[in-house]
Structures are given as structure tokens and as C-alpha cells.
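The structure appears below as C-alpha cells.
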């Protein structure tokens with residue numbers, strides 16, 4: 001049996017073959033800027049160009065991406081004889097403080113920016129993940145999450161540039177093209193998705209002061225709307241409803257990139273991230289409603305063999321200890337040190 005993995009700046013090709021001199025078969029996965037294609041190779045005897053038959057097993061779309069050469073090196077540095085599965089990093093960050101957080105207003109899907117403190121929190125978050133590889137970034141469609149992701153990446157030691165992908169129309173996609181291969185290598189695609197937006201409180205609550213709302217509707221009622229799992233405010237979303245869209249998007253659009261060997265950062269909101277964490281850690285509805293996420297504090301998960309392992313959140317000088325780097329991340333950090341010094 002032979003196996004080979006090829007990493008390129010626009011994706012990866014994985015080939016797995018088995019068989020004897022007389023017969024055998026191979027499977028091939030092509031992961032590129034726009035597609036994920038699983039193919040099969042059927043052959044008789046020694047495989048050559050005229051003896052191979054290629055057939056597509058599965059094809060699906062994926063978002064534009066750029067592989068980090070250092071990240072790829074880290075994966076390949078692991079001795080294949082150890083049969084070690086690829087381990088990838090997933091970083092979750094709740095956006096920094098927004099102007100309506102500061103005013104204690106229900107924000108929901110209203111698109112408000114960060115405060116000065118929120119900007120500082122985003123920058124600090126970036127310092128804390130500056131040694132963690134990032135190949136792709138997903139954010140909500142709201143500016144406070146996007147600002148947090150962009151500001152955080154200004155602190156990354158790799159100095160790659162996050163670029164928002166515009167695929168909303170044929171023209172937008174064409175006008176967003178990068179024609180320099182070298183520039184592409186120094187870029188990180190940023191995918192925005194409304195499915196990662198904050199829970200929608202609708203017009204009855206959005207923009208209202210939380211304290212005044214409690215006085216108007218009663219503390220118990222407002223607490224039920226905010227902290228129950230399946231009870232929505234009038235014409236709004238419950239946490240359960242938010243979870244359905246956020247987790248579905250994560251499973252369909254984010255998890256496949258982790259499976260393919262890419263390191264991903266997600267910058268989103270308290271309730272959409274609670275929903276994702278509920279899925280990652282298999283929390284119950286009672287456990288998730290008590291989960292608190294601070295603004296601007298990154299959480300690290302390691303994805304391996306279909307499982308997510310939480311590695312905590314770094315705080316200052318204890319970063320390495322709290323993150324408990326695995327071998328892949330340790331190699332990445334070592335290569336960063338060698339490249340930058």
C-alpha cells in the first residue's frame with residue numbers, strides 16, 4: 001500500500017492506492033479553490049496513463065482558500081510511519097465589545113461597530129493567537145465580528161493579510177480576484193455568513209435597554225427569553241433556533257476544511273458560538289444556557305479523527321501552557337521562530 005499527500009497553495013490532492021502488480025485500485029481527493037472532488041482510479045496491472053480509468057465518486061463546492069506553506073510543512077513533518085492523523089486548530093472568538101454592549105442594549109442582528117475597548121480586546125485576542133496557524137477565517141455578516149477578525153490578524157506573526165471573499169454575484173467574484181501567486185500565498189480568505197449572526201431579537205427587543213426591558217416585561221420573562229433554550233421572544237429566535245442555523249453551517253462549510261487539514265478561525269457572537277460549542281462538546285440544553293463567553297477571548301480546539309478537543313484559552317505569558325500545544329502546533333511555532341529570527 002502506498003499513500004501520498006500533496007499540498008499546493010490553492011488546495012491539496014490526496015492519493016491512496018492499493019493492490020498488487022496485477023490488479024488494484026486507487027482513490028483520489030482533489031480539494032481546490034472552488035471544489036472538493038472524490039475520484040476513483042480503476043486499473044489492471046501497473047497503472048499508467050492509458051490504463052487508468054477515472055470516475056467521480058463525490059463532488060461538492062467549497063470556499064476559496066489558500067494553504068499556509070508553514071502549516072503544510074507542519075503536517076508533512078510528522079513521520080507517516082507513526083500513522084498519526086492530521087490535527088488541525090479551530091479558534092473561536094466572540095467579537096470585542098460593541099457600542100451597544102457598552103450602552104447595555106439588546107443588539108441581536110443590528111449591525112453596530114466596536115467600541116475603543118472592543119478594538120483593544122480584538123488586538124489582544126490577536127496577540128494570544130499569534131503563534132497558532134490560520135488558513136481560513138469565517139465570520140458573521142455583522143461588522144463587529146468582521147472587525148474583530150481583521151484586527152486580531154494584524155497581530156499574527158505570520159503577517160498574512162485577511163481578505164474578504166465576495167461571492168455574492170458573478171461580478172463581485174470576478175472583481176475580487178488576485179492575480180499574483182505570491183500575494184495569494186500571503187493572504188487568508190475571509191468568508192462571511194449570515195448563519196453565524198447573533199440570535200435575532202427582532203424589533204420588540206433590539207435597541208431596547210436591557211434594564212428598562214426587564215422593568216417593562218418583568219425580570220422573569222426577560223430572563224426566560226434570554227436564557228432559556230427553546231423559548232423565543234415575540235417574533236424572534238430562541239437559542240435552539242439560532243443553533244439550528246449556526247451548527248448546520250458549521251458542519252457543512254467549516255468542518256470539511258478542518259477535515260482536509262486546514263486551520264480555521266471563527267469570529268462570531270455569544271449565541272452563535274454557544275451553539276457551535278454545544279455541538280463540539282456535546283453539551284445538553286441545560287448546560288449550554290449557563291455557558292458564558294467573554295468578549296475578545298479566543299478559545300482553541302484541536303480537531304483529530306472526527307473529535308474536537310478543547311485546549312482552553314490563552315492568558316498572557318501562560319499561553320503555551322494553557323494551549324497545551326500538540327506536535328503540529330509546536331512544529332508550526334518552531335518554524336515561525338526560525339523564519340522570523
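Cβ atoms here come from the backbone N, Cα and C positions, even for glycine.
Unlike curated entries, TrEMBL annotations are predicted automatically.
Quick look at what TrEMBL lists:
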BINDING   94-101, 107-108, 144, 198-201, 210, 226-227, 270-271  substrate binding site
ACT_SITE  95  active site, tele-phosphohistidine intermediate
ACT_SITE  198  active site, proton donor/acceptor
SITE      269  site 'Transition state stabilizer'
Minimum Cα separation from residue 108 (substrate binding site), reported as the residue among recorded positions 95, 198, 269 that achieves it: 198
Recorded positions compared (94, 95, 199, 210) - highest count of Cβ atoms within 10 Å: 95
Residues satisfying Cβ distance under 8 Å from residue 270 (substrate binding site), sequence separation of at least 6: 94, 198, 293
Entry from the recorded positions list 97, 198 having the most other CB atoms no farther than 10 A: 198
List of residues, in chain order, with Cβ under 8 A from that of residue 269 (site 'Transition state stabilizer') and at least 6 apart: 94, 95, 140, 142, 145, 196, 197, 198, 199
Packing count at residue 100 (substrate binding site) (other Cβ atoms within 10 Å of its Cβ): 19
